[in-house]
Amino acid sequence: MGKKAIQFGGGNIGRGFVAEFLHAAGYEVVFIDVMDSVINSLQQTPSYDVTEVSEEGESTKTITNYRAINSKTHEADVVQEIASADVVTCAVGPNILKFIAPVIAKGIDARTEERPVAVIACENAIGATDTLHGYIKQHTNPDRLETLSERARFANSAIDRIVPNQPPNSGLNVRIEKFYEWAVEKTPFGEWGHPDIPAIHWVDHLEPYIERKLFTVNTGHATTAYYAHKRGKKMIAEALEDPEIRETVHKVLEETASLIVSKHEISEQEQKEYVDKIVSRISNPYLEDNVERVGRAPLRKLSRKERFIGPASQLAERGQKFDALLGAIEMALRFQNVPGDEESSELARILKENSAEDATSQLTGLEKDHPLYSHVVERVSTVQQGSKSVL
């Protein structure tokens, strides 16, 4: 029998990142989703194209050998597919992990294969597979918890690839940047060894990869979006042509670089080259990346371990500089009531209905005695008072 991978999430990242590389590794991909339109399209279309875009031009790969199941209406089928799968991946958004965990738990519990299934969450969040693992354990019979590792192994991953808004009428086809990084920890697989997926960079310690990516790519991308939104710019590449925005982004990334260099023993030169590469990537006009797409979901982006508070809190604890990050945090707080983004409306409500202190605690999860807390309270208060900000 051929190799089989179950991919939760039939969206752009699921189709244009994860499935592309699973397909290239020789897996049949079974997409699982709850969106009727996505499942119907996948079921009715035998192939779709992934077009990789770079300054050198475009190249297109055709993806075939996939099926699709609606887990809302055909849960038993999903359980059976997981029971005989080699790999389970997901790209559903960190907030959705708790909703996919019950069916994955049932599928794992139904396994009789000797080799445990590899579970890899492909989300923009630190420790996403650990989070999913925790939810799966909650939905596993206590008598079966002790032997769970015989049926499944869970490995965290760091993913890095920009997927912009897609042109209208693209159907299942995905335009995506050519560059990618997919790092996955290999230690959880132990004596079984990791799955054979050549696109994955298998590592012993994932945290340096996750933090470097999250605190450089995601911090830089979101900083650009929030300053651009304040200035009424529509596209990320256009925003980075503005010398003031570009300089501000570099200042933010100098601060996160100082954390990454001191914490993870990455050389200053290596991190500087990484930062330059990232700024060049997000400046790519061929991606046609939209400011509102990059800025959406500000509540998640302002949370405790995310791209702003995560590095700023660690810098504050280490007594290092975090002024530019505070500016980015303020700009994120100003991303309110953006059409089509519920979190930006919720952010506006929280800032309107709470004191600066309560809003800071609610939005960032910072403890009141944390060295960053009072600085963020100040910025929250500034935004609440409608004061004009610099830049």
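Even glycines carry a Cβ here, placed using N, Cα and C.
As annotated by Swiss-Prot, active site applies to Lys213, with the evidence given as similarity to another entry. Per Swiss-Prot, the feature NAD(+) binding site maps to Ala5, Ile6, Gln7, Phe8, Gly9, Gly10, Gly11, Asn12, Ile13, Gly14, Arg15, Gly16; the stated evidence is similarity to another entry.
Location within the structure of each feature annotated in Swiss-Prot.
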residue	record	Cβ neighbours (10 Å)
Ala5	NAD(+) binding site	28
Gln7	NAD(+) binding site	26
Gly9	NAD(+) binding site	25
Gly11	NAD(+) binding site	17
Ile13	NAD(+) binding site	23
Arg15	NAD(+) binding site	27
Lys213	active site	21
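In this structure, the C-alpha atom of Ile13 (NAD(+) binding site) lies 17 angstrom from that of Lys213 (active site). A coil conformation is recorded for Gly11 (NAD(+) binding site) in the three-state DSSP classification, outside any helix or strand.
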